[in-house]
Every structure is written in structure tokens, then in C-alpha cells.
Amino acid sequence: MPNIDYIWKELEDDYRKILTPPSFNAWIEQAKPISLVNNLLTIEVPSNLHKEYWEKNLAAKIVETGFKLTGEEVTPVFILENEKKEPEKKPDPIQSELPDIVKQNSKKALLNSKYTFDTFVIGKGNQMAHAAALVVSEDPGATYNPLFFYGGVGLGKTHLMHAIGHQMLTNQPDAKIKYVTSESFANDFINSIQNRTSESFRQEYRSVDLLLVDDIQFFADKEGTQEEFFHTFNTLYNEGRQIVLTSDRLPNEIPKLQERLVSRFAWGLSVDITPPDLETRIAILRKRANAEGLEIPDDTLSYIAGQIDSNIRELEGALVRVQAYATMNGNDISTSLAADALKSLKPAKLKSELSILLIQEEVCKYYHLQLKDLKGKKRVKSIVVPRQIAMYLSRELTDNSLPKIGAEFGGKDHTTVIHAHEKIQQLLDNDPTIQKEVGELKNILIS
Ligand SMILES: Nc1ncnc2c1ncn2[C@@H]1O[C@H](COP(=O)(O)OP(=O)(O)OP(=O)(O)O)[C@@H](O)[C@H]1O
């Protein structure tokens, strides 16, 4: 009888032939053969979702390959992973480029080309969310509808959402996909009423194959928008179109979210994403460093990963900071350089300690501007970008409402603040200078 390692290796080869790389990473790499006793092959998997998927879609192959190799009937048994087990280091999957047609359609759907399954590192806190995302992207509208991701800031909810979009476009290049934040949905809706274009608004949102709505906690308090979203949801759902939503908390914890929406969101699957453990954080940094062609020793990556333990956006910011520091000083990246670069990252100030005025003053100092210009109406780029950054930081680092922030910037409308926030968020994804400047300002403000 061939031993378990040999059988598993053969099985891996078989699965590699029939699964896409993201599927292989999600299902096969996350599973572990435990024992082969009396023809029972026990396999450990990370979650119930994995178990169900294996039983439904992958187990038959085990029986087939098992028979081929042993001449006997091998029966797979799936058990759930022991919570206390240390995660294993996995090699980085090879990054693959998206085909051109997918790139074009992704752009149309406002998907960030960096947020794919290939660039996503699977760890304990997100493996179930990743697996659910993959199922939905392979078979949209069929299994988990809606799919609802919830969890803290900067943990990869948006990334997974976009990855679903890219993957669906890879399988179905003409699929109609729309990604919006809940605020953009609300704005589009309000504009459609003002401009009497409600019909085309409806047509736009109700004809997609996949609707991705980010941060739906901002639906709270928006009665009319919720009403409209309810109808959008119903139309898409009834036609078997996939809906994916994210929020920082569960639907029933979102204040003032209509009960009928809460109950509809519960029809599908809600999965939380929790902060990554140290190994996952190191793997994320390593992947990022590899993608940017940076040479960083392992102990330095561990050091950086040890400094920031809850928010991946900040973890990436720390890497950018270390990189900038090395470039500025003309040195290679090392642990002592990283320690110098990050030494001002002290525990964050409480949100309540920071005021909009303090943010405005620091932004003015940083960009050598007058406060009256920052709060004024001048539209030159050298003022507009700092103004947008100051609005962005006021939104991110304080608990002030959008109208209050708008008011503090010379009586601007709250939609201007939303626009500024979205603009800077986009630039943070693509523009290293803005990443560096916003990172430095954040450090000044919270240290
Ligand atoms: N598992 C992961 N692997 C690689 N990169 C990740 C992972 N999780 C998050 N990131 C990166 O961290 C950053 C923040 O992620 P993302 O914007 O998806 O977070 P989020 O949960 O949507 O946050 P928010 O609540 O602020 O909207 C992104 O640059 C994303 O690519």
C-alpha cells in the first residue's frame, strides 16, 4: 500500500490539473492529510465551509485516485483543524497577470487591479472569507447570496471583494460588474433624483451580474437610499445575480438599518475577517516586498510585522515608510534601519484627542500653506490635494460626522468630503508620493 505522503502528492498533482491556481490555494493548500488507516484517509480542513466544499466537489477525486493507486476503495473523512495548531509557512503562489480583456473590464467596473486572489495572502483570520469569495466568484448567484464580509478596518474586505470581480471577469469576460461604496450608491441615487435620471440609475444598478457594495454601515440614517437599495437587492436576487457586501460590523449591529434589509442580508453567508497573526503579517510583507522588487532580510520583515498587529493597511504603510527612509538615507533595508524608520510609531492617540483644527494646522505646516487657503475655495492643485488630504485625515482619524467636517472646511457640503476621501483613497493605492506624505502626516498626528 503506498504511504499517505505519496497518495497526497499524487492527489495534489491531479487537483493542480483541474483547478485554477486560486482554487488550488484555497482548497488543496489549506488541507492537510492526517492519517490513512483501514482505507480511511483523514484530512484536516480549516472550516466547515471548506469541509462542505471538499465533500461536495473534491472528494470524488480522492476515491478515484485512491483506487488507481491502491486498488482499494479509499474513503475520505474530513475533520476540522485544531484551533491551537501553528500555521505553516507556505511558499508564495506565483503571481499571474490578468489578461487584457479582464483588465479593461475590471477598469470599467472600477476594480483595483492589485486586489486579486493572487495577491491575497491566506491566513487564519481570513481563510474562510477567502474560500467563500472564491466559491462565489466561480459560481456567482448560486451558493452564498448575498455574501457579506465584516470586520475591522484595513483587513482585506475590499481586496476580497475586488478579487471576486476580477475572477468572475476572468471566467466570464463580458460579465457586468459594478463596485461602489455605499456612499457612492447614495450619491448616485440622490443625483438621479435631482437630475431626473432615476430610470437610468435603476437600469444601471439592476442590470449587473455582480454588485459589490463596500462599507454598507454608512447606509445608517439614509432612509431613502435604503429603500432604493432594497429594491435593487430584490431585483438582482430574484434574477440570481450575485451581491457582495462589506461592513465593519454585522448587519444587525448597524444602527438604523431597516429590519427587512437586515433579514435579507442574512439569507446568504456572513463571514468575518479577523486581524492576521504574525506569520500572516510576515507573509503579506514578503509578498509586497517581492512584488516591489525589494530585498528585505527575513528578520527585518519579522520586526516590521511585529510593530503593527491589527491593520494591514498600516502594515503596508510601515513598509513604505521603511522603504522611503532607506532611499532617503541611501542605505539597504535592515532591521536597525527599520527600527529607526518606525521609532515614532507609538501607540495611536485616541480619536477623541485629535481635532479637525489640529489636523488642518499640521497639514498646513507640512505643505507650507495658510489655514485660510486650506479652508477656502481656491482650486489650484497645490492647495486642492492638501485640502483633500486634510479632509481624508479628519474622516479617518476623528469621529466627526461628514457634515461637521465639511462645515470646518469653510462650510463645504458633506459630499465634498466624501469625494475628497474617495479621491485620496484611490491615490493611496496608486501614488507612492501621496502614500508617503499621508503616511508621514499620520505619524505626526498620532505619535
Ligand atoms: N490577506 C491579505 N493579503 C494581501 N494584502 C492584504 C490582505 N488583506 C489586506 N490586504 C491589503 O491591505 C490593504 C487594506 O485592505 P482593504 O482595503 O481590503 O481593507 P478593508 O477591510 O476593506 O478596510 P476598510 O474597512 O477600511 O474598508 C489593501 O492594500 C489590501 O491589499
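Cβ coordinates are placed from backbone N, Cα and C, and glycine is handled just like the others.
Record features (TrEMBL):
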type	residues	note
REGION	1-90	region 'Domain I, interacts with DnaA modulators'
REGION	110-326	region 'Domain III, AAA+ region'
DOMAIN	143-274	domain 'AAA+ ATPase'
BINDING	Gly154, Gly156, Lys157, Thr158	ATP binding site
REGION	327-447	region 'Domain IV, binds dsDNA'
DOMAIN	355-424	domain 'Chromosomal replication initiator DnaA C-terminal'
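Sequence features, as recorded in TrEMBL, placed on the structure.
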residue: Gly154; record: ATP binding site; CB count, 10 Å: 18
residue: Gly156; record: ATP binding site; CB count, 10 Å: 25
residue: Lys157; record: ATP binding site; CB count, 10 Å: 27
residue: Thr158; record: ATP binding site; CB count, 10 Å: 21
Using the Cβ centroid of Gly154, Gly156, Lys157, Thr158 as the reference point for the ATP site, which residues of the same chain not in that list have Cβ within 8 Å?
Phe149, Gly151, Val153, Leu155, His159, Leu160, Thr246, Ile273, Ile312, Arg313
Mean of pLDDT values spanning the region 'Domain III, AAA+ region' (110-326)
93
In the three-state scheme derived from DSSP, which category covers Gly154 (ATP binding site)?
coil
